[in-house]
Amino acid sequence: SNSRIKCENRTQRKRCFCGCLQNSARAYSVVPAPRDSKEKEMMHRMLRVDHAGEYGANRIYAGQMAVLGRSRTGPLIQQMWDQEKKHLSKFNEILAENRVRPTALLPLWNLAGFALGASTALLGKEGAMACTVAVEESISEHYNSQIRALMESDPERYTELLQVIKEFRDDEMDHHDTGLEHDAESLPGYWLLKNAIQLGCKAAIYVSQRV
């Protein structure tokens, strides 16, 4: 009887210890543990597309730097790229923590992003900045829609994730404004190029959530 009580006490302590460890791990995670399969699917889609967006943005800046890296615009592009690298690093971490599969289309976004960055940079500084305005506006709008969805769902539950998304959204808007300040709109055919790029961004967002 005594040995049985001791055994039960040990089991309870073990459960308590495991529970504390679990709670401690969750406390340091940006994303709360999903309540059910529906929430899990929603979060995985959200994180997958955010990671894909940041990955694509990195490749675009890599393409721009390949063409304009040694020009007077190089340091400005590098500064924006450095921020995007931090965003991507954070989403790599979040995906690994939550065992989220990245989109299967990363190899495509790798090539397409670099090609878009390099081809618009070949139009000169204004072309690169027009591309930056178009892409960063699309990403900012996408982040805003996620912020609205999380705020409507349960802002307290998603506090840390909201903080990350808001911070990245603000960085993207800064890049957008930088592009406008550096003559993006002076590019001939600016609106045509901007609309074409944003159409591509919308398609990429749609597909990356699902594949």
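Glycine too: its Cβ is placed from the backbone N, Cα and C atoms.
What TrEMBL says about a protein is an automatic prediction, not a curated fact.
As recorded in TrEMBL, the features of this protein are as follows:
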type: BINDING; residues: Glu54, Glu84, His87, Glu172; note: Fe cation 1 binding site
type: BINDING; residues: Glu84, Glu136, Glu172, His175; note: Fe cation 2 binding site
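Its own atom aside, the Cβ of Glu54 (Fe cation 1 binding site) has 21 Cβ atoms within 10 angstroms in the protein chains shown. Counting other Cβ atoms within 10 Å of each Cβ, the lowest count among the binding-site residues His87, His175 belongs to His87. Over all protein chains present, the Cβ of Glu172 (Fe cation 1 binding site) has 27 other Cβ atoms lying within 10 Å. Between the CA atoms of His175 (Fe cation 2 binding site) and Glu84 (Fe cation 1 binding site) there is a gap of 10 Å, rounded to the nearest whole number.
Geometry remark: Glu172 (Fe cation 1 binding site) versus Glu136 (Fe cation 2 binding site), CA distance 5 Å. You'll find the Cα of Glu84 (Fe cation 1 binding site) roughly 11 Å from the Cα of Glu136 (Fe cation 2 binding site). The Cβ of Glu136 (Fe cation 2 binding site) lies under 8 Å from the Cβ of Ala57, Glu172, Met173, His175, His176, Gly179, each on the same chain and at least six residues away in sequence. Same-chain residues with CB within 8 A of the center of the Glu84, Glu136, Glu172, His175 CB atoms, the Fe cation 2 site residues themselves not counted, are Ala57, Met80, Gln83, Thr132, Val135, Ile139, Ser140, Asp171, Met173, Asp174, His176. Taking the mean position of the Cβ atoms of Glu54, Glu84, His87, Glu172 as the Fe cation 1 site, the remaining residues of that chain whose Cβ falls within 8 Å of it are Gly53, Ala57, Asn58, Gln83, Lys86, Leu88, Ile139, Phe168, Asp171.
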